[in-house]
Every structure is written in structure tokens, then in C-alpha cells.
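Asker: Provided herewith is a single structure, encoded as C-alpha cells, for subsequent inquiry.
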Amino acid sequence: MSLLIKNGTIVNDDAMFKSDVLVHDGKIVEIAPSIDPTPGLEVVDATDRFVIPGGIDPHTHMQLPFMGEVAKDDFHRGTEAAVAGGTTMIIDFVIPTKGESLLVAYDRWRGWADPKVVCDYGLSMAITSWGQEIAKEMEMVTKADYGINSFKFFLAYAGVFMVRDEEFYQGMLQCAKLRALARVHAENGAVIAERCEHLLSSGITGPEGHTQSRPEELEAEATFRACTMASQANCPLYVVHVMSKGAAAAIAHHRKKGAVVFGEPIAAGLATDGSHYYNEDWLHAARYIMSPPLSRDPSTPNALMKLLAAGELHLTATDNCTFDCHQKSLGKDDFTKIPNGVNGVEDRMSVVWDKGVHAGIIDPMKFVAVTSTMAAKIFNCYPRKGRIAVGSDADIVVWNANATRTISKDTHHHAIDFNIFEGMQVHGVPETTICRGRIVWADGQLRTVQGAGRFVPLPPDSQIVFSAVDNRGKALEPVKVERAPYVATTLEAPDANANIVVKTRSAVPPGGISSIQF
């Protein structure tokens, strides 16, 4: 199967240039200023358009069983929404239940995804329990047969997913040994649990209780703590869904000291804020429930985008985990029972373009970096993914920077009945999405085939991650001080009949006079 993209401007993370792109059997086979079409070759006209690498969303939760419900976007609907928005690969999370084998959970996720995906996908593994067997299974799943190169640790959701600090630290030591990336959901789960109990007992049962139970300081504290522990373990760390300025500042602090830390803001946090939690319409407020919550500071979205521009944050994701209005309403009398999660996989690319490029904060090359290339590099599938180059997979988007669209639940492809970006007009629209040489989105219509996507194994030892770790490790090697053997001085026992003199002095503490013996 072949196709030719003509007259476009190729945008990679490091260059922009006009060129044609020839695709054959799922790969890019030629890039040249002008390629003549052969008879029968399908041609995509990209005049006045950008030709960019397909987006990579490194953080999704398709059909996740969570809080007694199952996320509505399964691997079919979720990946259809992805390609409609210009994303051609997702990285989803295998999340075992407490005490469950990683291998059993892995097989379950592959069984869900393989028959349904319409684009390529990879997997990351959550560690929800700890012990020697888990450590052994971590090593197993980093082998080529499984293709896992990152492990996520939750410092929230006490009693469900959360691990203790010592378990987190031991897990990071194992990650470092395996040359795998540690990822962290950074919140203070113990304090959150106490705050939830206090708020409920005080009569605060609505969605506003969610954000009040999770003040930004707790995200910042947990992020700082996680970075500190990762630094001690000399383990690279990837902080998922950075939602606040404080968390971003914690990452920047440790990076300046040489720690290898990556920060991931998400579409929701770049486009809207936590004022929704105080909306008088209960259901409106509940739709935005996620953890960590959206920042109550309205300047945060713009600040996070500027940190992406400055390289203090590194790539964008969505944490796509969708629950419909009925599922959200299960927590109508108790905010802790509202399923956590929002949409984003369809709208991320347009949101980042609108809030970043159209706003004049980032350029098109940086857009490609934070929506595709950095994810490919960090998760070790570059340049197969994340680049327009000969030999790369033909995951390509023809992008119209001048077009606009209005986001709506009535036109999106998610399996839910609302959209957190409802009514937002965004600049930048994917006109054509190509997955491994197949057009899957064009003219506003899906052309997908269920199960046509493929699993992409992600090998450990990413160069962009571990080259810095290795350099840092040399400076952190323990230093032994060579000393002459210490010879203790033997003291003679005191004479029991010797007079013992006790010296005293007066001390005058505030409020009175006292004689204190020393």
C-alpha cells in the first residue's frame, strides 16, 4: 500500500522544510522536494499545510476498572477519538489489583487492547504492591516478549493503588537496575484521606470537597519528595499530570541540581482551571473531577505552557479516563465516590496548538516536540515514531494551522455525554491522520478498522533518559575514607571511695528563679 503527500511543509522537532513524502508498506521511503506520482498512487494534497509526526499520548487509561466503574472509552472508542484528533499512538497503563501478578494483569490488558485498537499502542506498568515476586516480575516484563520499559507508582489512592515511601524507593532501585523509567502520581495519599474524612464530617459532600481535600501544596510536597527519593536512588523519574506551579517548581529545583526528572502537563491542565468545582450545577462540577484536581489558580494553564516553552516541562499527555454523567452521579452524596477522570485524547493536539502556537508561546517545532517526539525519545521508540524521516513508521498528520473548530460533545468521538472543553474554539485542526501508511481520518470522517493497530514493544535503556543518569551516577558513587585502625583508650574504673564534687550554678528562667545542677 502506497501513498504520496505533496506540497506540504514537514515539521520535525528540529527543522521545518517544504518537501513531498512517499509512503510504502507502512514506512516512509522517500522525502524529496518534488516526487512525481505514479499511476494508481493515492495522493494527499498538503498545500499550505504542515506535515507532522503523528501525536503520541503517553498517558491514557482505556476501559480502566476504577472506583467500582469501568471507564467508558474502551480501546476501540478511545483510539478512534485519538486518531480523529491527530494522535497515532497511545501508551496505556496496566494496573494490577493489590497483590496481583504483573504477568496476569499484562495479559488482561493485551487481551482487551489487541482486538480493538485502531492505532498503535504501548504499555506502561503500575506497581501497586511490593515484594520480591513483584521485583522479579518487573524484570520479566522488561524483556522483549513483554515490551515494558516504565513503571508507575501511586502516592495517592490509599488502600487501592498507593505504595508506601519505602516501597516506592525500593521500586525505583529496581527500575534503575533494569534501566527502566519510574513514573509517579505525586500526591500525599495519607493526608488526603484524613482531609476527606474531615470535610465529609463537616457537611461538605459536593465536588468542591474534592479540590479542598487536595490542595496544591500536597501535590508540590509529594513531587518534591518523589524527586528527592529518585535522586537518592539515582533513578530517572517521570512525573505524570503536573497540575500546579508548585509541582513544576519542585521538578525545576531538582533538575537544576542534576536530577533526571521529566514533567508531563496534560491537556486539561493546559486549557482550563479548577473554578469549575465551585459551579452551582452539581453535575457540571462533577464532570471535572480528576486527581490531582485542576488548579484553582486561573493563571496556571498559561504558566504551564510557558514552562513547556522553556523546557522546564517536557511533553504533553491527557490522562484520558472517561466516565459518563450517570457514573459521575454515583457520588452525588459523597464527593469521594465520584469516579475520577476526564477526556482529552481527541482534543490534546488542538488544545496545545491553540494555547501554545496560536498564542505565540511555542513554535511549530516545539509543538511537535511536546506532542510526539519527546514521548518517542523518552519511551525509546524514536525514530521509528515521532519523526518524519526515511525509515520511520508512516504515522503522519496533515495539519491545518489556519482552520478552527469548536469542541463539543455532539461531535466528539468519545463514549461519554459531555466534554470538559465544551464550547472551546481552537485553532489548528488535523485534516488527515495516517497510521502506518493507512489513512484513518480524512474529510472529517473516520476510516478505521478495529484491531488494525499494533502493539509496540518499548525496550528499556532509553538513551535520552539513561545517558544523563550514567553521567550523574559517576559523581554519586560512595566515597570511602581510608583510616589507620582505631585503638580505643582503656579507662581505669573510678575509686568508689573518691569524693565526688557536684558543681552548681544558678539559672534564672523566665518567670522565676531556680537552682539547676549540671
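Keep in mind that glycine also has a Cβ here, set from the backbone N, Cα and C atoms.
Fair warning: this is a prediction, and the values are worked out from it, not measured in the lab.
Sequence annotations record features per position, and here Swiss-Prot assigns Zn(2+) 1 binding site to H59, H61, K152, D319. The feature Zn(2+) 2 binding site is assigned by Swiss-Prot to K152, H185, H241, with similarity to another entry given as support. What Swiss-Prot lists as N6-carboxylysine is K152. Swiss-Prot lists Y157, S291, N340 with the feature substrate binding site.
Are these features on the surface or tucked inside, and what are their neighbours?
Answerer: Counting every protein chain shown, 26 other Cβ atoms lie within 10 Å of the Cβ of H59 (Zn(2+) 1 binding site).
Within the same chain, residues at least 6 positions away in sequence whose Cβ sits under 8 Å from that of K152 (Zn(2+) 1 binding site) are F93, S124, M125, A126, I127, A182, R183, V184, H185, V240.
The DSSP secondary structure for Y157 (substrate binding site) is coil.
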Asker: My understanding is the cutoff is Cβ-Cβ under 8 Å with a sequence separation of 6 or more in the same chain; which residues meet that for D319 (Zn(2+) 1 binding site)?
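Answerer: Result: H59, T60, H61, V240, H241, I266, A268, M290, G341, V342, G344.
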Asker: With Cβ-Cβ distance below 8 Å and at least 6 positions apart along the chain, what are the contacts of Y157 (substrate binding site)? List them in sequence order.
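Answerer: Correct list: H185, G189, S291.
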Asker: Based on DSSP, name the secondary structure state of H241 (Zn(2+) 2 binding site): helix, strand or coil.
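Answerer: In the DSSP reduction, H241 (Zn(2+) 2 binding site) maps to coil.
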Asker: From the centroid of the CB atoms of Y157, S291, N340, the recorded substrate site, which same-chain residues not already listed sit within 8 A by their CB, in sequence order?
Answerer: M67, A156, H185, E187, M290
Asker: With a radius of 8 angstroms around the mean position of the C-beta atoms of H59, H61, K152, D319, what other residues of the same chain does the Zn(2+) 1 site pick up?
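Answerer: Nearby residues not in the site list: T60, D92, F93, S124, H185, V240, H241, A317, N320, C321.
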Asker: Which number gives the other C-beta atoms within 10 angstroms of the C-beta of S291 (substrate binding site), all protein chains shown included?
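Answerer: Other Cβ atoms within 10 Å of S291 (substrate binding site): 21.
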